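What TrEMBL records for this protein:
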TRANSMEM  B:12-36  transmembrane segment
TRANSMEM  B:48-68  transmembrane segment
TRANSMEM  B:80-101  transmembrane segment
TRANSMEM  B:121-143  transmembrane segment
TRANSMEM  B:155-179  transmembrane segment
TRANSMEM  B:188-210  transmembrane segment
TRANSMEM  B:230-249  transmembrane segment
């Protein structure tokens with residue numbers, strides 16, 4: 001295999017790593033903001049809602065653990081890309097938006113509504129909050145996909 | 001009244017028995033440092049400090065006012081659980097006692113120890129899956145059955161469970177971050193998946209206890225204890241995850257620069 005070929009392979013590998021690093025970090029970031037902003041500072045979310053189903057409890061536990069790991073692992077992957085000079089700005093931020101948006105959408109639809117882990121806020125017309133929450137999530141996913149699909153990957 | 005006095009005696013006996021192994025641990029560690037120094041192989045201050053603080057957290061958990069309070073106060077019990085089962089084990093793993101002992105021992109004895117480390121028993125017990133089951137599974141058993149109540153009335157059970165909490169925490173930490181010589185290595189991916197599952201098992205139990213506290217624990221105490229377990233667990237686990245990722249980061253380090261004719265040239 002000649003040198004040029006090896007380099008292309010390397011870049012393809014790092015393209016994937018850029019995406020994964022972004023997705024993991026984005027997912028972790030949204031979960032972290034959820035925890036600090038809505039649980040700890042605003043007290044909009046409850047630590048545990050008595051109407052939570054068993055499957056909801058398990059899903060919440062798995063997602064919390066995974067996002068906790070993802071934040072840290074995503075940042076270490078990011079640091080690795082930086083030192084290799086393989087960090088691709090658009091792909092990485094696209095990954096962040098895609099990961100964060102997907103988690104928020106899953107949280108807003110399945111975890112809040114289906115599994116009833118907790119609600120965004122304990123008010124009468126919570127539907128307004130739900131709609132805003134999920135629209136933001138969808139926008140993040142769409143923007144993320146557009147950024148990832150964008151041609152001409154510039155290295156930082 | 002009679003029951004109260006009986007409780008006190010149980011307390012004192014349990015404290016003395018549980019203090020013993022940690023004191024011995026401190027003595028052996030210091031002896032090993034002295035012998036190691038005599039062999040012209042100095043030991044780092046950082047690791048020594050880790051062992052001292054780790055042992056201190058373990059001792060605070062088993063003797064003294066906090067340990068006594070844990071009998072009646074669930075949040076105090078949870079703090080003990082964090083100290084004895086998570087923080088002390090992490091610090092003591094970072095202190096690398098096995099490496100130190102290997103240095104202090106004669107070649108012949110060190111060989112015996114490394115042989116034992118290579119044994120099937122150690123391979124099985126230090127597998128992240130088994131270590132997690134022993135650790136997290138033990139907690140589920142303790143808090144969701146009447147074991148928790150029985151433990152506070154039976155001195156043997158109390159001692160055994162507390163030793164288990166520490167040892168399970170120690171082996172658990174050891175199975176994820178490789179500070180010591182580790183003959184049975186597992187891939188980063190395997191360990192990453194397992195730490196997520198273990199942390200999930202811990203978090204789910206913590207939230208479950210919020211609504212279903214063990215017998216004899218009031219709802220309010222259950223709520224505080226549960227949140228302490230949840231966020232405290234996150235904190236210690238975060239340290240394990242950071243060390244795990246850091247070890248990966250160091251290991252995958254590319255050869256960034258090589259010198260060609262005195263000039264630095266970056267390579268892939």
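Backbone N, Cα and C atoms are what each Cβ position is placed from, and that goes for glycine too.
Take the transmembrane segment (B:230-249) and the stretches B:80-101, B:121-143, B:188-210: counting Cβ pairs under 8 Å, B:188-210 has the most. Within the chain, the transmembrane segment (B:121-143) has long-range Cβ neighbours (under 8 A, six or more residues past its boundaries) at 81, 85, 151, 161, 164-165, 168-169, 171-172, 174-176, 182-184, 186, 190-191, 194-195, 197-198, 201-202, 205, 209, 214. The stretch with the most CB contacts under 8 Å to the transmembrane segment (B:155-179), chosen from B:12-36, B:48-68, B:80-101, is B:80-101. Counting residues 6+ beyond its ends, the transmembrane segment (B:48-68) has Cβ neighbours under 8 Å at 11, 14-15, 18-19, 22-23, 25-26, 29, 33, 76, 79-80, 83-84, 87-92, 94-95, 97, 162, 166 in the same chain.
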